[in-house]
Each structure stands twice: as structure tokens, then as C-alpha cells.
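Below: one structure, written as C-alpha cells.
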């Protein structure tokens, strides 16, 4: 995990809400829009990237970053050396994020951003639906988060003309979907876009810092280190083993839909819970209800007849 503290103490960006994190709620944040972008309807470019798609611990964070089209290279690449967040050190990422959040700095006055932090609970509840038809897989969740961020920025009045997005899947298919949703923008979807386009590099930094600090907030009251949160990290696996509750598993930090977590619950002492199928009586048809009422009415009539005596036949006379 990245060290989020510096000489001034811990830094908590506005993209982080500790109460939401600790309660397992997904959260979305939109930064204030630089006034000049709205004043003259400045053409802007926008980049989207994510952090935390693969880990079993912590949120998956999507970030959208925008600024005037003419400033993308000179401000982001040449002056501040934005790059793929994985290439930059934690200290450099944190410094860039702090400047972005500090008033009267060049980044703050010319750039805007938004984040969508999908909580482990939200991710897992979508992926673990009872039927396949109801499953809300990770790709669908990622696509919806991306679209919601871009729409939100458009709705706030930003004149986005060019959109650049990093993708893991097939760029062409992803791009066609987005072009149908945003037909007026020039859209570029590419693998490794975070190292090709400065505006995507900036989005990757915002997403990465937000996720790193989210992990720190989730870990704050714990003593055993959990590493990066990836299933391939031995510290992460050890933490999961040592902190698994046999009934409830783990807290809001864990994605229960990940194979690492599911296998551990099934093979390392987790208590199996059987959920009974719904009985037919609970889904009784309306016609069955009226049939039952009719049968009961016939019984009531018969009972009334015997109360006054059995009917006399011809043979009685």
C-alpha cells in the first residue's frame, strides 16, 4: 500500500468518503468546474482510466479527467510529467493529486475530474445473482461507471469534444458502444491509453491515488498488513486466511465474488448455509384462491343443510 502521509500529515482527497467506504457503499465525486471552462465554452478533452480491477480487496475506482484541449500536452505532459500511474512513484502520484486539489495552482485552475468508486459489496452483489440472467458482470459495471461519469461532466456544462479511454477488452467494440451514447464527441479507445494520452495518464493518477487512500482508510484499525490487495500477493492471501470469519467471511473491504475469497470460504472452514427453495404455497395462483373459496362455500352449504336436518326423500312418504 502507498504511504499517504507526508510532513503535513495524512492527505484525504475529496474523492474519499470514509463513512461510505466503511459501510460498503459505492461513491461518486465530481470536482468543481474551473470557471473559465464554462465562461467561454472551451473545447475540452476528457480521459478515463481505472484502478483496482483485479484485486480481491478494496474498491474499483474509475476516474474521468478533463481540461482544455490545447493544454493537454503542454500542461500535463511537458510541465507536470503525467504518465501511466504504474510508472510514477507513490510520492509523485500523491504530489500531483495534492496540487490538483489545491486552489490557485495551475492544475486546479485549469482541470476538472470525477471518480466513481465501486465498493467490493456493490461489485460482488452484482456478480453473485441467483440466476445467470440477473448477473451484473464486471465489464457491465465498468461500462456503466464510465458512461455515468462522462454524462455527469456533460450535464455540468463542460464542452467535451474529444474522449480518450483506456480499455482491457476489445477497443473497437467498446468504442462503438460509446459512440452510440456520445455521438457528438470524437472518441478514441485504446489499450495502454494511460501511457499514450496525457489526459488519460492524469485520470489514471486520480484513480490510483483514490484507491490507495481508500485501502489505507479501510485498513486503519487493523494490525496485520494485507499488501496490495491482489490475489497474487502472499500478504493479501495470508491476511484473508487469518481474518476470515466462518459465517460472515470478511468486512466491506473484500470482494466475495472473487475466486480467492469463494474458495477460501468453501475449503478453509467456512460454514455452509443452505437456503430453502420457495414453497409452492407462497406462489399460489389467484385462481387457486377462488377455487378454494368456492369449495369452502359448498362445504358451508352442506353443513347448513344438515344443521336443519337431512332432506327427506320420496321413500319417506
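Keep in mind that glycine also has a Cβ here, set from the backbone N, Cα and C atoms.
If you look up Swiss-Prot, you'll see 43-270 marked as domain 'RNase H type-2', on the strength of sequence analysis. The average pLDDT computed over the domain 'RNase H type-2' (43-270) stands at 93.
Within 10 Å of the C-beta atom of residue 50 (divalent metal cation binding site) sit 25 other C-beta atoms, taking all shown protein chains into account. For 49, 50, 166, the entry in Swiss-Prot reads divalent metal cation binding site, with the evidence type similarity to another entry.
Residue 49 (divalent metal cation binding site) is surrounded by 29 other CB atoms, counting those within 10 A of its CB over all protein chains shown. A simple way to gauge crowding: the CB of residue 166 (divalent metal cation binding site) has 24 other CB atoms within 10 angstroms, across all the protein chains here.
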